[in-house]
Amino acid sequence: MALTAETESRLYRSLRAAAGAAAHLVALGFPTAVAVLARPGSSLFSWHPLLMALAFSFLMTEALLIFSPETSLLRSFSRKVKVRVHWALQLLALLCALLGLGIITYNKHLNGKAHFVTWHGLTGLLAVLYTSGQCVGGVLLLYPKLMKNWTLAKLKLYHATSGLVGYLLGCASLMLGMCSLWFTASVTSVSWYLAMLCPLLTSLVIMNQVSNAYLYRKRSQH
């Protein structure tokens, strides 16, 4: 029997809510697993994977999920509060990413190793630089009068879509990091595939959220 439009809509919302809840669990669980694996403090390098996992898996994911209509932890709060918390989480994510980048750069310098010669290193550098620019661009949304020739709606659209690109870059860096010798020496078999699914899952959830909030709505207006 064919489903009614109302039933399909309810089912779709339920699936989005379930996926969002899973994204929250992954956002917290993945950095926790990395912390257990890296044992921060055991070496200078050990802080790098933890800080990057915190930046791109936990803080940035939660900063974006704040605007989810189904799974936001701040659903009962005003838009203004959500924006402020989003800004705080994104700033913390950037600080963690910059510190993680600085640590791995200094660690390679100490060990006489070349910098940014792997896909993981290059993607990670690009993700951190992109995130820095994205945070600067976010200031325009706090003070839209700085861009007199742009409407607030257009600024929100561009900030959300460009932010999605930055988030995907961060997730790609995490996935490439899981292909490194350090990670594959400790995580093998099914556990490795499950770890790879973590940033993939959160990426799909965030992509769906941004698409529904901005891209699909914009298309429906034409």
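The backbone N, Cα and C atoms fix where each Cβ goes, and this holds for glycine too.
Feature list (source: TrEMBL):
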type	residues	note
DOMAIN	12-217	domain 'Cytochrome b561'
TRANSMEM	17-38	transmembrane segment
TRANSMEM	44-67	transmembrane segment
TRANSMEM	87-106	transmembrane segment
TRANSMEM	118-143	transmembrane segment
TRANSMEM	164-185	transmembrane segment
TRANSMEM	191-216	transmembrane segment
| said: Taking only the residues in the domain 'Cytochrome b561' (12-217), give me the average pLDDT of this model. | reply: 92
| task | State the residues, same chain only, that lie 6 or more residues beyond the ends of the transmembrane segment (118-143) and have a CB under 8 A from a CB inside it; answer 'none' if no residue qualifies. | result | 52, 55-56, 60, 83, 87, 90-91, 93-94, 97-98, 101, 104, 150, 152, 155-156, 159, 162-163, 165-166, 169-170, 172-173, 176-177, 179-180
